[in-house]
Amino acid sequence: HPRPCCPRMDHSQLPWATHSTFLIFFCLTANLLSFPGNIIGSGIFISPKGVLEHAGSVGLALIIWVLGGGVAALGSLCYAELGVTIPKSGGDYSYVTEIFGGLAGFLLLWSAVLIMYPTSLAVIALTFSNYVLQPVFPNCIPPYNASRILSMVCLLLLTWVNSSSVRWATRIQDIFTAGKLLALALIIILLKLFQSVVCSLNFNAFNFWMTPSVGHLALAFLQGSFAFSGWNFLNYVTEELVDPRRNLPRAIFISIPLVTFVYTFTNIAYFTAMSPQELLSSNAVAVTFGEKLLGYFSWVMPVSVALSTFGGINGYLFTSSRLCFSGAREGHLPSLLAMIHVKHCTPIPALLVCCMATLVIMLVGDTYTLINYVSFINYLCYGVTIIGLIVLRCKKPKIFRPIKVNLLIPITYLAFWAFLLIFSLYSEPIVCGVGLIIILTGVPVFFLGVYWRNKPKSVNRLIGKPVLWCLAALLVVLCLQGSARPLNPQR
């Protein structure tokens, strides 16, 4: 992974450039490990309960998991076209800004920085601490203060790692991706040991204990989407990928089916060990699963979940900091967040902002109530971005597109997107309505902070003081879009 905003290397001049097959394999392997690693996190240990609760039967819940993977694949293909057509790091924020203009891009950035990433990070960090502490407190819920302190320590540690080295961050992601896949493989292997129970699912899978409405189905998909969030991860670091035109589609075609397979069979394993009623009454599905099947080795499941969520926190920190960095580089956030370390070329100010916002959400209250806001806003942003793909086709039909998907793919995705948002808003008007209000609060902020350029000198001096302080304290310099090297803002 080349460092952001540092001079790009001419790979043809490297001494090992003749071994092109090895280089392609190495780069693709790194992408494949980091891509599912960012998707597979705490969601598979939280969402099964919500999906089953709204689906009303085991069979329908499994269908929703498979369809959720299919929808993520459609969205990933659309993002692949956008990623190579608009080769900027920043993901959907960069695409929406390029296509729809500054206000739309700022609102997406505002919702992501204020709610989506900090809340997701807080939920994953709290899940990590709860599962680490579960073996220590086997007969009760882990203490509130202990859970919060451990979550903060984990978050601060990974913030330091991401600030110190991009290579360390990607290595952690690769290692813990392998660890979490091995943990989920253990669940699936146990599934094979209970094939007789699986056979009973064939007869009982569609025994409904309630008749789900269309609104319930939309909410079930919304719950499942939390587990699949992260499928647009590689688009946030497009500029740091080697040969994205080839490696981006390959990573999608292999990783999304892999994640869907793992999720579906993990849920089947849950259903073999627990009845639907037991799963719905469990606050820690993986722990209950381990207690049912592993006996004295039930501690393996909390440890496995901790490994999974540790890698998830690292992945979210990596992508959220790049989003802040990209937004500041476009002028939508303070220029302080567009600064990188003079030696490590890591966006330290952006990482610190993401870390502090997550710490505040951890301390404010129960972040689980914000999960519905996060999922709704996520899908809203995905849909707006994919609408931008169609708009870009109309506005610039002759622009070079290394990847060009069939129009049926974005149209199919948008049809599902409209169904999901409309019926989610109908079923949960307060939850989804608050999400929309949070986005709209960014409108006055945009006009005051971004659109209003001729600010008084006193305001500019007040804003400039923390910038100068960070230059000295963090050893960072400004990095502007298109620059071959970091720029010193005092020059």
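Just so you know, glycine gets a Cβ as well, placed from its N, Cα and C.
Copied over from TrEMBL:
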- 21-46: transmembrane segment (TRANSMEM)
- 103-129: transmembrane segment (TRANSMEM)
- 149-169: transmembrane segment (TRANSMEM)
- 181-203: transmembrane segment (TRANSMEM)
- 215-238: transmembrane segment (TRANSMEM)
- 250-273: transmembrane segment (TRANSMEM)
- 293-319: transmembrane segment (TRANSMEM)
- 340-364: transmembrane segment (TRANSMEM)
- 370-393: transmembrane segment (TRANSMEM)
- 405-427: transmembrane segment (TRANSMEM)
- 433-454: transmembrane segment (TRANSMEM)
- 466-484: transmembrane segment (TRANSMEM)
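Listed as Cβ neighbours of the transmembrane segment (103-129) (distance under 8 Å, sequence separation of 6 or more from its ends, same chain) are residues 41-42, 45-46, 92-94, 96-97, 142, 146-148, 150-152, 154-155, 229, 305-306, 309-310, 312-313, 316-317, 319-320, 323-324, 327, 330, 332-333, 353-354, 357-358, 360-362, 367-368, 370-371, 373-374, 377-378, 381, 384-385, 435, 438-443, 445-446, 450. By the Cβ criterion (under 8 Å, sequence separation of 6 or more), the transmembrane segment (293-319) is not in contact with the transmembrane segment (405-427), since fewer than 3 such pairs are found. Sequence-remote contacts of a segment are chain residues at least 6 beyond its ends whose Cβ falls under 8 Å from one of its Cβ atoms, and for the transmembrane segment (433-454) they are 102-103, 106-107, 110-111, 114-115, 331-332, 372-373, 376-377, 380, 425.
In this chain, the transmembrane segment (215-238) lies in contact with the transmembrane segment (405-427); the count of Cβ pairs under 8 Å, excluding pairs fewer than 6 apart in sequence, is at least 3. The recorded stretches the transmembrane segment (250-273) and the transmembrane segment (370-393) do not share 3+ CB pairs below 8 A when only pairs 6 or more apart in sequence are counted, and are therefore not in contact.
Outside the transmembrane segment (149-169) by six or more residues, the chain places 1, 3-4, 121-122, 125-126, 128-129, 132-133, 240, 310, 313-314, 317-318, 321, 341, 344-346, 348, 351-352, 354-355, 358-359, 362 with a CB less than 8 A from a CB of the stretch.
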